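Participant: The structure follows.
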């Protein structure tokens with residue numbers, strides 16, 4: 001088997017040229033078309049970009065086949081891609097563009113009117129289509145392609161300073177992850193994969209590349225569908241899905257529909273979950289409704305290429321433990337539980353920080369050497385990452401014990417609570433604030449903002465909340481905006497003068 005991701009995907013253009021690699025709402029892209037178009041785009045980039053190949057290419061859009069073409073074309077030109085979804089606020093896009101310092105900004109959809117990209121070439125959607133037409137039939141030099149330890153993609157995650165961090169994932173990282181998924185999860189040729197997560201969220205890698213590498217079909221549910229529950233419930237059975245990849249929260253939403261079951265989705269026999277805690281209640285109900293299905297619970301940070309552990313969730317597993325295990329580490333990785341202060345490796349049964357070592361671990365954050373050195377390190381010749389997650393090993397399984405800092409997972413999105421607080425403090429009506437996660441069924445249900453407001457003229461608190469949210473929407477993604485607002489005149493403080501978060505947490509999670 002060749003190790004190049006591109007060679008393996010392109011091979012399907014010969015084996016099954018007319019089979020769809022992407023299909024949704026009447027839009028269909030075959031493997032032959034994917035190869036021809038990505039070849040054309042790779043040729044265009046090689047002829048028109050003279051900048052350093054270390055500089056990535058930003059691809060802006062939303063779950064369209066053109067994004068796949070742009071991703072693979074970028075790789076064929078020797079450059080990593082940075083996916084940026086249309087749902088991101090303008091300020092966030094500007095932050096990513098500044099941090100990534102890209103060689104080109106590619107638009108598969110129109111940019112917002114209030115966003116102007118400067119400092120690098122911008123390729124509009126029309127220009128992209130024109131490039132595909134003009135370079136049709138050209139094949140880029142294979143030697144130019146991303147390979148080995150070259151960056152393959154860079155995904156930006158929430159950062160504690162309010163600025164996103166770019167996680168560099170190499171070709172080798174992605175090969176390691178993809179081979180593990182295809183083998184351990186028994187994913188055969190020609191399956192239809194649900195694509196629920198936007199490409200800017202690393203959960204999408206769990207469906208995108210296993211699908212393309214196995215000659216399968218990617219079936220996206222874009223934001224217009226997922227925003228309307230009636231449309232969502234109608235579309236899912238119509239797509240004849242084989243493999244379900246999502247956050248547990250998305251599955252919970254679908255379980256509200258009594259028709260979400262095996263009878264209406266006869267081909268759906270694999271569920272892969274990542275991004276947040278899978279509750280026992282969710283897993284149990286899925287097993288009831290889908291008796292032919294296998295459910296996998298997985299765990300991993302963006303810094304270790306999506307996921308590094310897995311467990312097949314059975315009735316026996318559900319009954320045996322108070323919470324579901326995250327599973328066992330993939331074969332080419334090691335997992336240590338360490339004392340956060342001393343770094344000493346702890347024995348099974350003791351709680352500590354999860355440290356990941358091996359083939360899936362990123363080289364670090366793009367253009368951020370200091371932040372990289374804080375959490376990445378060399379362990380006996382292997383790349384290692386301090387996750388900041390607390391865990392414990394029992395019966396050989398990893399169990400999640402929460403975050404060691406203020407970072408949480410909400411509906412699959414990794415969020416730094418400090419990031420939200422720093423952004424809230426930009427709002428004119430907020431003097432000080434603290435963000436508290438409200439827990440339900442072993443996971444974060446929503447974010448609660450405790451706020452000391454500035455002087456204002458609003459008569460009702462809901463009017464103040466509306467004004468705050470209006471300002472926030474200008475520079476913060478919707479998923480980071482708190483759902484509940486509590487207003488205070490002051491905060492309880494600890495002995496050293498810091499906000500007493502334990503006290504605030506006990507108020508929210510009574």
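The backbone N, Cα and C atoms fix where each Cβ goes, glycine too.
Pulled from Swiss-Prot, these are the listed features:
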BINDING   157, 158, 297, 298, 299, 300, 301, 302, 389, 498  ATP binding site
BINDING   202, 306, 498  D-alanine binding site
Participant: When you put residue 306 (D-alanine binding site) at the centre and draw a 10 Å sphere around its Cα, which of the binding-site residues 157, 297, 299, 389 have their Cα inside it?
Facilitator: 299
Participant: How big is the gap, in Å, between the Cα of residue 301 (ATP binding site) and that of residue 202 (D-alanine binding site), rounded to a whole number?
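Facilitator: Cα to Cα, residue 301 (ATP binding site) and residue 202 (D-alanine binding site) are separated by 9 Å.
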Participant: Which of the binding-site residues 157, 297, 299, 389 has its Cα nearest to the Cα of residue 498 (D-alanine binding site)?
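Facilitator: Comparing Cα positions, the candidate nearest residue 498 (D-alanine binding site) turns out to be 389.
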Participant: Per DSSP, residue 202 (D-alanine binding site) is which: helix, strand or coil?
Facilitator: helix
Participant: Which one of these binding-site residues, 202, 389, has the sparsest Cβ neighbourhood, judged by other Cβ atoms within 10 angstroms?
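Facilitator: Ranked by other Cβ atoms within 10 Å, the binding-site residues 202, 389 bottom out at 389.
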Participant: To the nearest Å, how far is the Cα of residue 389 (ATP binding site) from the Cα of residue 202 (D-alanine binding site)?
Facilitator: 18
Participant: For residue 306 (D-alanine binding site), just count the other CB atoms lying within 10 A of its CB, please.
Facilitator: 25
Participant: Determine the Cβ neighbour count for residue 498 (D-alanine binding site): the number of other Cβ atoms within 10 Å of its Cβ.
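Facilitator: I get 9 for this one.
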Participant: Given the binding-site residues 157, 297, 299, tell me which ones have a C-alpha lying within 10 Å of the C-alpha of residue 202 (D-alanine binding site).
Facilitator: 157
Participant: Most Cβ neighbours within 10 Å: which of the binding-site residues 157, 297, 299, 301 is it?
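Facilitator: Counting every other Cβ within 10 Å of each candidate, the maximum falls on 299.
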Participant: Which state, by DSSP, holds residue 389 (ATP binding site): helix, strand or coil?
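Facilitator: DSSP call for residue 389 (ATP binding site): strand.
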